[in-house]
Amino acid sequence: EDKVQARWRLAAVFALTLGTTGISVAFNFLGRDFYNALANKDQEQFMKQLLYYLGGFAGGIPVFVLRDYAKDTLSLRWRSWMTTYYMQRYLENRTFYKIQSQSTIDNPDQRIVDDLSAFTGTALAFSLTLFNAAIDLISFSNILFGIYPPLFVVLLVYSIGGTAISIFLGKELVNLNFLQEKKEADFRYGLVRVRENAESIAFYGGEENEMQMLVQRFRSAFQNLTRLLVSSRNLEFFTSGYRYLIQILPAAVVAPMYFSGKIEFGVINQSVSAFNHILGDVSLIVYQFQAISAFSAVIDRLGEFDDLLDNSSDNHLDSTEKICIVYSSVKTPSFTLLNTNGSMIGESSNKMVDLENLTLVTPENATLLLDLTLTIYEKEHLLVTGPSGSGKTSLLRAMAGLWTSGRGKITFYVKDSDDFQLNSKHESPEKSKSSRTRSSRGIFFLPQKPYMVLGTLQQQLLYPTWAETPTLDDAQQTGIPPFLLRQEDSDHVFRGPPKPTTEELVKVLQDVRLGYLLSRFGLDSTCEWSSILSLGEQQRLAFARLLLAKPCLILMDESTSALDEDNEAHLYRLIEDAGVTYVSIGHRRSLFDHHDKILHIMKMDPKSTERNWYVKPITQETGINLLELGS
């Protein structure tokens, strides 16, 4: 979307680079005439050439400055586009979740921030350097060859030998630079973890352990950097000598011609200038070897990341991942059905979720849940219980599309105008439809520890249903490229509920008993909410989000575990009064009062082929208790 302007900018950079080469050639001849006038003690000619020099400076310096400025702005624009491109791919199809859960690569954040910045800046700089070197080589080779052909031969032998020696001395630098990027990122990530988990570490008194871990990571970076510095030092011994020798080498070669009167003194200066230009062009590997090795490491890391993103977008998933998730629009009238215990469900009931022969397996092929078949109807609330590790959370992850290992089919009956099927082996049959989130289909997931976004209290409440998107007018006013402003395709934008007013935001905070936050902070305050708010306050804030979003179905993973029973009952009454169907994971006896039936999952016996679950209605007559569930 920015390629036309980018190409014009690139053409301008190359044009300015050609201009700088022309200016360098002109200065080469100016220098020759200037030093000839000086050697001949021709004051009039000397003053004339001096004025030419000053005029050349006045006209040439802006070209050099504008070239560098145009190069840097193009690099920034290129980095901006690549950053948005990589972030979009990183967040599509839950790739970020797969990378984190499977630990496929290290530090994707550093690859997006640091490696992309280094790649765009260095790639553009190297491209211009190569272009400039090619033009220089053509321009100055004629000058040097015309002065003294043997000097041109000396230059070629000198540059080829220097390149070969540099490659030999610096062959370890590529791998060492790659490792240094990784180890620095690991150390930085360790410090970020301390900041994010400061309270837990303080409660545990784990400062000494964290110190040891951080020192160990820094020590690893220190040891690798020490090896990198040693290799760089050995290379620098050679490159320094290589650079300094060329200051006298061309003069030494053409000096006999000057002494014999065949050339003037200014020609010596011209030959030195031309020699240095050409040698710089053909000795790029010698001069830039450390930068090239660091650039190579950046390319390796980005290439690794790019391949992973491509594989994720192509859905090259494990053969065991066969769980099929279907979103089916509700188009049929309500009907009469039997409950799992044989009781009649009212004629006004509609299906919300169908689980058909659902089996969940771990990546190691251990079965967690076997052949679960279950139907959840509108306003029929399900409580999922079972011992730790039995697969309760995995079931909710499967319903959310996060757990893909297993088989079976999950059908959500949503109030939507489009039928849509999402298969875990072929997620996103159409990119436009895959962008539809669960919340846009009226399905809301509440984890045990809510996610607190970086932003104001108002943004906490609006997440993830509404987002503030800047307009293109802002881009024109501030110079921000349009691709940095996220614009939704109007043909596929989900028209959700209207954005809540300030009065509605205040009311929902009061409804979940967080009204006191308004007097402490206000809706527009930006804080580190995950640190300031207790887990119980965060859970109540998550309930405020869903009350504003007005979903049809809520999947809750111990979402009230940090609340007292009074607040827990109050929140359940709020969502029940809102007419929302919900599925909860929990252990408290008090939760039975807010649910209609219970799904109990037992730990799977590896040798058994019988199902490890059962469903029972929750009624006053059954008197289900925790002891009975544990049997």
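Backbone N, Cα and C atoms are what each Cβ position is placed from, and that goes for glycine too.
Unlike curated records, TrEMBL annotations are generated automatically.
Features of the protein shown, as given by TrEMBL:
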| type | residues | note |
| --- | --- | --- |
| DOMAIN | 11-294 | domain 'ABC transmembrane type-1' |
| TRANSMEM | 12-30 | transmembrane segment |
| TRANSMEM | 50-70 | transmembrane segment |
| TRANSMEM | 116-135 | transmembrane segment |
| TRANSMEM | 147-169 | transmembrane segment |
| DOMAIN | 353-631 | domain 'ABC transporter' |
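Within the chain, the transmembrane segment (12-30) has long-range Cβ neighbours (under 8 A, six or more residues past its boundaries) at 49, 52-53, 56, 59-60, 63-64, 66-67, 70-71, 74, 124, 128, 131-132, 135-136, 139-140, 143, 270, 273-274, 277. Same-chain residues lying 6 or more positions outside the transmembrane segment (50-70) and placing a CB less than 8 Å from one of its CB atoms are 9, 12-13, 16-17, 19-20, 23, 26-27, 30, 33-34. Counting only same-chain residues 6+ beyond the ends of the transmembrane segment (116-135), those with a CB under 8 A from a CB of the stretch are 13-14, 17-18, 20-21, 71-72, 74-75, 78-79, 82-83, 86, 280-282, 284, 288, 291-292, 294-295, 298-299, 302. Residues 141, 231, 234-235, 238-239, 242, 246, 249-250, 253-254, 257, 263, 267, 270-271, 274-275, 278-279, 282-283, 285-286, 289 of the same chain lie 6+ residues outside the transmembrane segment (147-169) yet bring a C-beta within less than 8 angstroms of a C-beta in it. Mean pLDDT for the domain 'ABC transporter' (353-631) in the predicted structure: 80.
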